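**Q** If you look up Swiss-Prot, you'll see GLY173, ASP174, ARG175, GLN176, THR177, GLY178, LYS179, THR180 marked as ATP binding site. Per Swiss-Prot, the feature site 'Required for activity' maps to SER377.
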Amino acid sequence: MSEQVALNPSEISELIRKKIDQFSVVSEARNEGTIVSLKDGIVRLHGLADVMAGEMIEFPGGVYGLALNLKRDSVGAVILGDSSTLAEGQKGKCTGRILEVPVGKGLLGRVVDALGNPIDGKGPIESSGMSPIEKVAPGVVTRKSIDQPVQTGLKAIDAMIPVGRGQRELIIGDRQTGKTAIAIDAIINQKGTGVKCVYVAIGQKASSVASIVRKLEEHGALEHTIVVVAGASDSAALQYIAPYAGCTMGEYFMERGEDALIVYDDLTKQAWAYRQISLLLRRPPGREAYPGDIFYLHSRLLERAARINADEVEKLTNGEVKGKTGSLTALPIIETQAGDVSAFVPTNVISITDGQIFLDVDLFNSGVRPAINSGLSVSRVGGAAQTKIMKKLGGGTRLALAQFRELEAFSQFASDLDDATRKQLERGQRITELMKQKQYSPLTVAEMGVSLFVVEKGYLDDVPVNEISSFEASLHDYMRSTHAALLHAINEAGAYDNEIEAKLKKAVEEFKNTGSW
């Protein structure tokens, strides 16, 4: 029989004490739930008692969801990305975080998805940090009046429906009427102005987006632009969050005292995606089967476009940027069905924005491009931001064009017209012809000023209507070659006084005497 080893009680207690001291509790308070149903990108979980609305839910395999429906016994969430790896019975955990996307100058020149992941094959993005996609819009006290223009380079817009920095200007029209073309021209025209641009493509074909990216690259505009894509093949959840993600990326520049321009192309498809999600979540449908909060979907997005004052910029940058205001200008696009602007989503967005550019399918088909209907289009705040030359020379253009459209309709029935009416019709035809502009060919303020000057002062009255575009092109070439200093002076200050008027008059008369057009 082996001898029993005598155990010293003090040694045992010392050993236990050491073990207790060395023991560390590594536990995390995580709220877990179980997937009870999964279909159409919507997951229902049981047991997530402490989840918050809009919170990220983590699933196995690094898949995330967004909590949207909070019920007494279950939580409805929408899957962000691929849900094929998930199955009923798997666990979902609360993260305590809301959805964030990367922001910063490293995103410029890149194409990203709705979550900020690069999809252009140019490697990882060097972002300045992460920022939540949902933010409270700037308050009344932190805002500043709009008094600086965003030059789109399009005569019809800059003269008649001016857009200011911090404004929300809706572009509305049927499909294939040139809505995207206006937005892309506006982005191209920001080259060299310091305005950063964000283009959000929602529910578009990958080939269409690739074509837009290629055009931006060709015109040297991609380097100041972020392209956010939630394509037609992406889930409804990504199409729903893409505008908010793009807005956050644009806000980064606004909050640092810079100017940014964001295009949402288009919000109709975002509304469709949100309607799909809401119906799958069994939310009660309302008018046109949209959920009750469809207005809030767009208002909370578009209210984030603003011009904020220097004090707010200083506060947001912790005193790094002083004496500079920041702005985010929004150009939302809405697609109408057969020109019906009184449908639910178009009327919602019209009431939220500061004006609209209405594109007419009949004008487009008759060759007037951009096909802007001057009678239905309006800019509620842009007039305060217009340069002096555009305000002075473009003021009568919109009225003359609107009157021309009315007279044109009546003149079809009248057999003989008096001289005043005939002159007004001829002037309207010349203005219509002058407002035509090729895509991807934005003009400077001075070039637009020269064009408006010749129509305002009657220098086009003896030019045949079919020769106006060649007359204008020749005039611009002449001005660039012989009066470059005058053009430069107008571009620098945007001013218009008696001296500039006299110089323009002399230059145009010289050009007409050459007969080179």
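Yeah, the Cβs are placed from backbone N, Cα and C, and that goes for glycine too.
It should be emphasised that the depicted structure is a prediction, and the values quoted were computed from it without experimental measurement.
Map the listed features onto the structure and describe their local environment.
**A** In sequence order, ILE212, ASP265, ILE333 are the residues of the chain that are 6 or more apart from THR180 (ATP binding site) and have a CB within less than 8 Å of its CB.
The number of other Cβ atoms within 10 Å of the Cβ belonging to SER377 (site 'Required for activity'), over all protein chains shown, comes to 23. Under the DSSP three-state reduction, SER377 (site 'Required for activity') is assigned to coil, being neither helix nor strand.
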**Q** I need the least crowded one of these binding-site residues (GLY173, GLY178), counting other C-beta atoms within 10 angstroms of each C-beta.
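**A** Comparing Cβ neighbours within 10 Å for the binding-site residues GLY173, GLY178, GLY178 has the fewest.
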**Q** Quick check: with GLY173, ASP174, ARG175, GLN176, THR177, GLY178, LYS179, THR180 left out, which same-chain residues have Cβ atoms within 8 Å of the centroid of the ATP site Cβ atoms?
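**A** Counting only non-site residues, the set is GLU335, LEU359, VAL361, PHE364.
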**Q** Taking just the CA atoms, what is the gap between SER377 (site 'Required for activity') and GLY173 (ATP binding site) in Å?
**A** 11
**Q** Could you list the residues of the same chain, at least six apart in sequence, whose Cβ is under 8 A from the Cβ of ARG175 (ATP binding site)?
**A** GLU335
**Q** Does anything in the same chain, at least 6 positions from ASP174 (ATP binding site), have a Cβ under 8 Å from its Cβ, and if so what?
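**A** Counting only residues 6 or more apart in sequence, the Cβ neighbours of ASP174 (ATP binding site) under 8 Å are GLU335, THR336, GLN337, ALA338, GLY339, LEU359, VAL361.
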**Q** Are there residues of the same chain, six or more positions away from LYS179 (ATP binding site), whose CB falls under 8 angstroms from its CB, and which are they?
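**A** Spatial neighbours, sequence-distant, of LYS179 (ATP binding site): ILE171, ILE172, GLY173, ASP265, ASP266, ILE333, GLU335, LEU359.
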